[in-house]
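Everything below concerns the one structure shown next.
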Amino acid sequence: MASQLCLPVAPSLSSLKTVKPHFRDIQVGICVAIQRSDGRIHLALITEFKRENSCVTVEWVEKGVKKGKKIDLETIFLLNPALASAEHPKPSRSLASLSVAPSSTIRNRCMATSWIATIPQKNETPSEESLTVKVPSRPCLMKQKKSPCLREIEKLQKQREKRRRLQLEIRAQRALNVHTGNPNYEIMRMIDEYRRQLDSSKMSSLEPREDRRIYVCVRKRPLNQQETTMKDLDIITIPSHNVVMVHESKQKVDLTRYLENQTFCFDHAFDDTASNELVYQFTAQPLVESIFRKGMATCFAYGQTGSGKTHTMGGAFSGRDQDCSKGIYSLALSSAALLPVPFVT
């Protein structure tokens, strides 16, 4: 029996030379051999090292449960001779021939659990219950294994970052090649770069209307099919609800091209995405209400041929057919019919 080979002794270890601690080799994260209360010896990971108390805290996993205990450095050096200082003589027998048992006198210590080792006689054969372990010559760092779930998450994250990089590269390439077939490609590129630097804000129907006697509004017309075919330039930018910018291409003496940006302010400025309803809300609708308050109002559209006057006042065209319900004329009549009774007196 293993108990026949383990003898409790007094706290003063006269038979064994005390091993002085050598803190250089003791560090958090290495594996050391420890002995359990039932006599088993196995490896455990050092998770905490207290120099002032000369003890370490070790942890291990047993049957899926994480366990730990505190052990003094004397026991660590006895079970792990490779951690002892080189100035101390190595034991004559290997650790595999040692049987370790708890000392009854030291067991009551509250700081840590101490252990006493005795060497069995040559004619005595250790029983099968006496467990032994081979301690590596050098302490090894325990490799932290990643769970399958964590590995899958890291894999998905790398794939997502790769897709984002590819998308950014594709967008940058498209931005460079968007006007490569245009003879005025260099000018259009400068206009696009200038627009990206602007802090643009489109006009919304939720913006409040100001009470003025005269409104001057401007509306941008998008390029039509013929102009797009001829690769004309879009040199008008509307960055806010009342600002219109005109980009004019200039040339220096050394033939270097540059942009001259002119800014104009109006009461309202509508870009090429504004609908007829939005234009009507901020232009003719206040005039309809003023008429029924016995006021006088005039609304007219001014511009060169093909600038979009008929589209705004009469309605949108679909081929040769015109949808008159979306024009300012029709919208003004609809508003007059829907006015409350106090207005119509």
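The backbone N, Cα and C atoms fix where each Cβ goes, and this holds for glycine too.
Neighbour density for GLY306 (ATP binding site): within 10 A of its CB lie 12 other CB atoms from the protein chains shown. GLY306 (ATP binding site) carries neither a helix nor a strand DSSP state and counts as coil. Per TrEMBL, the feature ATP binding site maps to GLY303, GLN304, THR305, GLY306, SER307, GLY308, LYS309, THR310.
Sequence-distant contacts of the coiled coil (149-176), counting only residues of its own chain at least 6 positions beyond either end whose CB sits under 8 Å from a CB of the stretch, comprise 192. Feature annotation from TrEMBL assigns coiled coil to 149-176.
Residues or ranges marked as domain 'Kinesin motor' by TrEMBL: 213-345.
Sorting each residue of the domain 'Kinesin motor' (213-345) by its DSSP state yields 41 helix, 35 strand, 57 coil. Cβ neighbour density within 10 Å is lowest for GLY303 among the binding-site residues GLY303, GLY308.
Other than GLY303, GLN304, THR305, GLY306, SER307, GLY308, LYS309, THR310, the residues of this chain whose Cβ falls within 8 Å of the Cβ centroid of the ATP site are, in sequence order, ARG221.
When the binding-site residues GLN304, SER307 are compared by the number of other CB atoms within 10 angstroms of each CB, GLN304 has the fewest.
Cβ crowding, taken as the number of other Cβ atoms within 10 Å, peaks at THR310 among the binding-site residues THR305, THR310.
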